[in-house]
């Protein structure tokens, strides 16, 4: 949300510096960016009042204007359609430097236009670089009538804009009033409401409509106003909108937009000729039907979608956008003005069905203030009456009522336990009261806290504690640790740090899956009982579905590769009991690395994902002797490119190449390699692993290569580990050199080549010693290979 500093200052009892505002936003968790429009780029442009206009004797479309700057008069030839006496405009004197529409600089000089001398130029907003200040049409920029004469025009127009990046939980800040409320609390200044937003109540008629659905819209108001038109907004209103960098459209639309941006309450305008106000209400669509919207887009509204309608037809998609047929237009003279409080979940459901976005929907989905529905409507009505004095306002129709605010119980002991700071009962009471909560003391160290209607993010006791910490973080001086040390948390943190530093991106996916995503991993699913949405009905029992969906999204948006991991909770069923476990998922797809002149193109393979697991194990000092790799038969993986990983004979996880049909189902064209490990089991093993210092060898090593012909079912790594398990003083390492498999489909054997490294750390081994040790190991291995009918070539 982008607003000007000057508009924000109007809500404070005393002015705040830009530094104070930025620091306050940092404390309450709102990101800010500053954009300053400087007046130094223009010179010799002052404010002047047109005191007389005369027709140009030699040109029908030009006038000769006389302007007064408070000290002297200036004669200027002007062709603007709104050049008339008694308005204050920007006057560029000779020597002033401006820019044309293409950005090219030029200098104002004294000149003659059709034989009449012109001592400068009257300027429009676009010529000053402030085109956002007025509607896009040729004409002079008009200052308010009380603007001082002879002042720098650019200095009066220049302002500082602040871009506020709001997180979804801060919907109550999506307005000038909301932002000012938060900043005022942190900076300890009083919040004031400008005069244009403070009005006395108007006549109300409370109605009862059996068709109105309060589960969508608990509070609905509308009013008929006669005698208006779609004329150009006065400069004052255009300038007010410009403080949000909003373009002017027409008077009525500008008023509703300004009220929404300033107070956070969206309003909607209907043409009264097309809408029956007596039957106007909100309901769920009874059947699927089409609707042409304000943006000329035709949509199909599914059954059950929240709509606004009268007894004749649908007039809008509730909380999102109105219909084009009932919209305010150039011929409208009578309007119906609507203000309502829609439940956020109802509008979110509509946007799920129809992916439309609007400023109104942005606010309704995050939650608006039901207490501001009528005040915002009053403000809009009075603004309309100010611009259209002859307009007639009928009584306001009201359906439903304002829902009560939730009341929570807060224990002082809870605050101290979470924050780690000793706080008295009165301190907690005072802090919450200053935040706008209604606090009532209770017995036994607890408080009854009524949440303000605009705070949709406060629903539980812990939210109140978080709010205290968020708004006054500098008061929280840690006197003691708020929680005990968690080995699992520290271990997870180390895994994240290692994998992220090694080049993998961390993904975060939702624990709850929709049916389509869950089906990527399993066919039979258990659905949760209390479903908040049809898009979140299944608890995941693996990280695979979420990671696979995220991978598809990134690759389909032209990402060259996805090398990512996720550390999260999965939910499994064992002996009819559900349990939560921590799981680590690693997924690779696309290119192996970014192409450059240094690296040749390399493709990912089964061994790429295996390599990542080995790097992780080395980081935690888990020896290869402690884990084994065995063939597996999981349906999600390629039948011949998958394996189970066992650690101390306990299943740790599995890895491999995902099944091509699964990749096709997920709309991924590249092979996908995936691994998933139990973090709980990994932590248990890591506790036993000890890093031991190994001095660098000073004596040379020797090696011997052997080739084993074994049954194709024998894992090559099993041979390597078998050799390492034999008692030997000098066998330092065994590595796999190559594996050869006969292309003949009837062949049952394969050749595995191994390299045995021998070394004595205290002296150089003789060739005879190495040969004797080598022969001894081969003899032992021959005995082990009897069952496999393998042979050995050394």
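Just so it is clear, glycine is given a Cβ too, placed from its N, Cα and C backbone atoms.
Feature annotations, courtesy of Swiss-Prot:
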- 457, 463, 466, 467: Mg(2+) binding site (BINDING)
- 39-154: domain 'tRNA-binding' (DOMAIN)
- 403-481: domain 'B5' (DOMAIN)
- 697-793: domain 'FDX-ACB' (DOMAIN)
Response to the item:
Other than 457, 463, 466, 467, the chain contributes near Mg(2+) (Cβ within 8 Å of their centroid) the residues 169, 455, 458, 462, 464, 465, 470
Worksheet, complete the sentence: Checked against DSSP, the composition of the domain 'tRNA-binding' (39-154) is 12 helix, 44 strand, 60 coil
Worksheet, complete the sentence: Across the domain 'FDX-ACB' (697-793), DSSP yields 28 helix, 34 strand, 35 coil
Discussion item. Around the C-beta of residue 467 (Mg(2+) binding site), how many further C-beta atoms are within 10 angstroms, looking at every protein chain?
Written reply: 20
Discussion item. Mean pLDDT across the domain 'B5' (403-481), rounded to an integer, is what?
Written reply: 85
Worksheet entry | Cβ atoms near residue 466 (Mg(2+) binding site) (within 10 Å, other residues, all chains) | 16
Worksheet item: What are the non-local neighbours of residue 457 (Mg(2+) binding site), defined as same-chain residues 6+ apart in sequence with CB under 8 A from its CB?
Response: 169, 170, 171, 172, 367, 463
Item to complete: Could you give me the DSSP helix, strand and coil counts for the domain 'B5' (403-481)?
Response: 32 helix, 14 strand, 33 coil
